[in-house]
Each structure stands twice: as C-alpha cells, then as structure tokens.
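Participant: I have a structure I would like to understand better, so I am pasting it below and will then ask my questions one at a time.
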Amino acid sequence: MTRENWTSSIGFILASAGSAIGLGNIWKFPYMAGENGGGTFVLVYVLCVAFIGLPVMCSEMLIGRHTRRNIINAMGKVERLSGNPNVRFVMSALSAGMAVAFATMQAWLPVAAALVGVYLFAKKGFAVLGWVCTIVALAILSYYAVIGGWIVEYIRLSLTGTLVPDAVDGAVAAEVAQTSQTAFGAYVANPWRVLVGFVIFMAVTGWMLLGGIRAGIERMSKILMPLLFILLVVVIVRSVTLPGAGEGISFLLKPTLEAFTPKVVLMALGQVFFSLSLGMAITVTYGSYLHKEHNILRAAGWVGVLDTCAALMAGLAIFPAVFAVGLEPSAGPGLIFGALPAVFDSMWLGPVWATCFFFMLFIAAVTSSVALLECGATVFIERLRRGHKRGSRRTAVLIGFVLCTVMGLLAVFSTADWSHLPWLGKAVEACMGDLARGNWLDTLDNFASNWILPFTALCTALLVGWGWTPRRAAPELLAQGEDWRVAPAVWGFLLRWVSPIGILLVFLYVAGFLGF
C-alpha cells in the first residue's frame with residue numbers, strides 16, 4: 001500500500017506542532033498554572049518537557065518512521081525487533097500495579113480494565129498498547145470537541161457583541177466577571193446549545209481531514225500555525241500594555257519555593273503528556289509519514305520549543321490582563337470562558353480583541369482535533385484494506401467522526417453535575433470512585449491526562465529504551481548520512497532512566513504509595 005509523506009520537514013514540524021499546540025496550551029495551561037503557583041508550575045513544566053517529554057516524543061516519532069504503519073502494527077513490529085520477551089511481562093506488571101492503585105480509589109471499572117490488560121499484554125504484547133493509544137485518542141477527541149464547540153459559540157458571541165450579556169456601564173471588572181461566569185454556567189448547562197457548537201466543530205475537523213496528509217493536514221498547518229502565533233502576539237501586545245499588567249507577568253514567570261509541592265510536579269507532568277500529544281498515537285501516526293532524510297531529534301526539538309513558547313505566550317496573553325482588571329488567576333477551567341470576557345469588556349474595541357482571541361483558540365483546537373481523528377482514521381484505513389475492502393480515507397474519517405460524535409454526546413449531556421442524566425452520573429461515580437469528577441468531561445480528562453497518557457508513554461519508553469535499545473534505535477533518529485554521537489547518547493540515557501523513573505515516582509505519589 002502506497003503511503004503518503006510530508007512534502008517537507010517544515011510541513012511535518014508545523015503539523016506536529018499543530019497537534020501539540022492546542023487547548024492544552026491556550027486553555028488548560030493558563031488555568032493549571034493559575035491553580036498551581038504560576039511561575040513555579042511553569043518552571044517544573046519546562047523541566048518535564050526537556051527531560052521526560054522530548055525523549056518519549058523522539059521514541060514515538062522513530063517508531064512511526066521505522067515501521068511506516070499505524071500504531072497497532074507499529075508497536076507489534078517494534079516488539080518483534082526488540083527480541084526481548086520480557087518487555088511485555090513488564091507491561092503486564094505495570095498494568096497490575098495500575099489495578100492495585102485504582103482499587104485503593106474504589107475505581108472498579110478501571111480496575112477491571114487494568115486486569116484485562118494484564119492478560120492481554122502478556123498474551124498479545126505491545127499491539128494491545130497500540131489499541132489503547134488509539135482508543136484514548138478518540139476518547140479525548142470526544143470531549144475535546146465539546147470544548148471546541150464552546151469556542152465556536154464564543155466566536156459567535158464576540159462577533160455579535162454579546163460576549164457579556166446585560167453588561168452595566170461603569171460596573172467593576174469583578175461584577176462583569178461574575179456576570180460572564182454566570183452566563184457561561186448557563187450555557188454549558190444547556191446541552192442543546194452546546195450540541196450545536198460541538199457538531200460544527202466535529203464537522204470542520206472531519207472536513208479538514210478529507211484532504212489527506214499533504215492536501216489536508218500539511219497545507220492547513222502551514223497556514224494556520226503562523227496565523228496562530230500572529231494572533232497570539234497581537235493579544236499579548238494588548239494584554240501587557242494594560243495598566244497593572246506587570247503583576248501578571250511576575251506571577252507567570254517568577255517561581256517561588258513555597259509553591260513547589262509534589263502535586264505541582266504531578267500536574268505539570270500530566271500537562272506535558274496532554275500538551276505534547278504523547279501516549280495517544282498522534283506522534284507515532286505523524287512519524288509514519290516522515291521521510292528518512294529528516295532528522296527526528298531536530299524535529300522533536302522544534303516541536304517542543306514551539307509548544308512551550310505557545311504555552312508561555314498564552315500565559316502572557318491572559319495573566320497580565322487578568323491581573324490588570326483585578327481578577328483571580330486561579331479561576332480554574334472557566335478562566336478563559338468566564339473571566340476573560342470581563343477583560344475584553346474593559347478594553348477599547350473589546351469585541352475585536354475577543355474575536356481575535358477566540359479565533360486563535362479555535363485554530364489551536366482544530367489543529368489538535370485533526371491529529372486526534374487522524375490516529376483513528378489511519379487504523380481504520382489499513383484495517384479496511386487488509387480486509388480486502390475499499391479502505392478509502394472518506395470512509396475511515398466517517399467512521400471516526402461517528403464514533404467520536406456519539407461518545408461526545410455523553411460529555412455534552414453530562415454538564416451541570418449530571419442534572420440531565422442523574423442515573424448515569426450515579427453509575428459513573430460508582431464505577432470510577434475517586435477518579436470521578438462533576439461531569440463526564442472532567443472525569444475523562446482526569447483519567448486520561450493523569451493516568452492513561454503517562455502509562456502509555458511509560459510503556460513506550462520501556463519498549464524503545466529496554467527492548468529495542470537506544471544502541472539499535474539511535475540511527476533512526478538522524479537523517480540519512482548524519483553521524484551525531486552525543487545527542488543520541490543523551491537521548492538514550494534520558495529514555496532509559498530519567499523518563500521512566502520520573503513517571504513511576506509520580507504514579508506512586510498520586511496512588512498514595514509514596515509520601516513526601
């Protein structure tokens with residue numbers, strides 16, 4: 001089967017950056033930083049990117065490029081290349097450990113899934129991990145698109161000048177923020193309004209993917225990613241020039257020892273996996289379209305730099321403005337949709353700035369959602385063709401679109417503390433135990449970001465670091481004809497020791513087995 005390729009290294013880097021730079025950077029990173037000490041969280045996040053995230057990202061890219069297959073077949077092939085039967089049993093042991101951790105939280109559905117994983121990992125090996133990554137990617141898209149739908153609605157409100165309903169002239173920012181928070185709460189509590197934006201966002205995602213790698217993802221990324229950074233700069237310039245913005249800049253960039261806690265490390269590490277799109281099949285899938293003449297170390301480095309810059313720029317766009325109008329930086333997930341409308345309301349040409357900001361947020365969201373859907377589409381295409389059927393991209397995208405839309409309905413109708421589906425809310429609380437949150441979106445985000453993504457990334461690090469081994473895998477990191485020595489050696493050390501140990505320590509802490 002002929003496989004598409006990226007036309008250039010720049011196209012691959014921008015597409016990979018597009019998958020990484022999403023709501024995790026511009027929506028989630030600012031509120032996570034606001035809740036976890038500002039500059040301290042930023043410092044820990046940058047360290048986690050450099051010493052844990054990038055080594056795993058390189059591993060996923062080289063798995064994809066070496067095998068040129070979907071993630072399920074790619075994981076199986078790399079396991080066979082390793083010639084080490086022990087790696088699958090280590091993965092089974094990790095799954096058993098996850099089951100024990102979930103049992104302490106009375107999360108019985110994850111316990112059952114982890115125990116099934118113990119058997120399947122031992123029996124089928126790393127191909128099962130490929131299935132897990134694919135399912136996680138589609139599950140994340142199902143709730144990610146709900147937030148994308150919120151953005152669609154807020155673009156409409158910005159364009160019509162109704163972002164802050166019933167705004168009172170002369171009202172202080174805190175009063176306007178309370179009004180916008182109430183309006184946001186009323187919006188997400190109305191599933192039928194949320195459903196409209198959700199379907200529009202999913203339709204745009206599917207449409208962009210129909211063009212394939214070159215005509216669809218790469219072409220759009222070359223346009224949208226520069227536009228994203230231009231809009232970020234525009235909003236930053238306006239934000240940092242507001243009176244009193246310096247306090248917000250200091251909050252974001254000045255770490256404090258008092259704010260450093262194990263929880264901050266856990267939150268930062270979970271944010272790294274979510275933001276860099278690790279453990280969810282995206283990087284392996286995109287790497288499978290990469291030519292041999294492209295240097296993976298260089299590409300991964302650029303993706304990491306762009307991703308971190310986007311997160312910091314998002315913070316600079318948001319926190320100076322939040323502090324300038326006297327709002328709390330720890331407003332949580334509602335920071336973007338609840339607090340920021342008050343900021344824009346206080347600005348000259350507020351609707352214009354609001355439209356720029358939410359359109360920028362839409363670009364970030366849709367480039368990541370396209371990558372998530374591509375993970376499933378790649379698997380569906382190759383599975384259909386293996387079954388001697390017409391495995392067209394259109395059919396594969398349609399299958400992924402329908403699956404994610406159906407799963408997303410659960411996130412749409414579970415808002416307002418399950419008030420629309422109280423019986424299902426009770427069932428989720430009983431099955432998920434301490435992992436459950438106020439709605440399905442938050443529950444799935446917590447489960448995926450803090451547990452599944454670190455687990456799949458840890459398994460990938462062990463497969464490449466101890467199965468395939470850096471000595472055999474390192475040549476795949478470089479472009480043809482290159483002979484770097486130091487960088488692959490550093491990558492191998494980080495992958496074998498630093499990344500796994502760091503992830504394991506965080507797991508032990510969050511499971512309650514390790515106290516500080």
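Note: Cβ is positioned from N, Cα and C throughout, glycine not excepted.
According to TrEMBL, the protein has these features:
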{"type": "TRANSMEM", "residues": "6-27", "note": "transmembrane segment"}
{"type": "TRANSMEM", "residues": "39-57", "note": "transmembrane segment"}
{"type": "TRANSMEM", "residues": "89-121", "note": "transmembrane segment"}
{"type": "TRANSMEM", "residues": "128-152", "note": "transmembrane segment"}
{"type": "TRANSMEM", "residues": "192-211", "note": "transmembrane segment"}
{"type": "TRANSMEM", "residues": "223-245", "note": "transmembrane segment"}
{"type": "TRANSMEM", "residues": "265-287", "note": "transmembrane segment"}
{"type": "TRANSMEM", "residues": "299-327", "note": "transmembrane segment"}
{"type": "TRANSMEM", "residues": "347-375", "note": "transmembrane segment"}
{"type": "TRANSMEM", "residues": "396-416", "note": "transmembrane segment"}
{"type": "TRANSMEM", "residues": "451-469", "note": "transmembrane segment"}
{"type": "TRANSMEM", "residues": "490-514", "note": "transmembrane segment"}
Participant: So, taking each listed stretch (89-121, 192-211, 223-245, 451-469) in turn and counting its Cβ pairs to the transmembrane segment (299-327) that are under 8 angstroms, which one gives the highest count?
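Facilitator: If we count Cβ pairs closer than 8 Å to the transmembrane segment (299-327), 223-245 scores highest.
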Participant: Restricting to CB pairs under 8 Å, which listed stretch, 6-27, 89-121, 223-245, 265-287, 396-416, is in contact most with the transmembrane segment (128-152)?
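Facilitator: If we count Cβ pairs closer than 8 Å to the transmembrane segment (128-152), 396-416 scores highest.
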Participant: Which residues of the same chain, at least 6 past either end of the transmembrane segment (89-121), have a Cβ under 8 Å from a Cβ in it?
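Facilitator: Distant contacts of the transmembrane segment (89-121): 128-129, 132, 430-436, 447, 451, 455, 458-459, 462, 466, 507, 510-513.
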Participant: Any residues 6+ beyond the ends of the transmembrane segment (490-514) with a Cβ under 8 Å from its own?
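Facilitator: Distal contacts: 48, 51-52, 54-56, 58-59, 97, 100-101, 104-105, 262, 265-266, 269, 297, 450, 454-455, 457-458, 461-462, 464-466, 470-471, 474, 477.
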Participant: If you count every Cβ pair below 8 Å, which range out of 39-57, 223-245, 347-375 shares the most with the transmembrane segment (6-27)?
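Facilitator: Of the candidates 39-57, 223-245, 347-375, 347-375 scores highest.
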Participant: Taking 39-57, 223-245, 265-287, 347-375, 396-416 as candidates, which has the most Cβ pairs under 8 Å with the transmembrane segment (451-469)?
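Facilitator: The stretch with the most contacts is 265-287.
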Participant: Between the transmembrane segment (39-57) and the transmembrane segment (347-375), are there three or more C-beta pairs closer than 8 Å, counting only pairs 6 or more apart along the chain?
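Facilitator: As far as Cβ distances go (cut-off 8 Å, pairs 6 or more apart), the transmembrane segment (39-57) and the transmembrane segment (347-375) do not touch.
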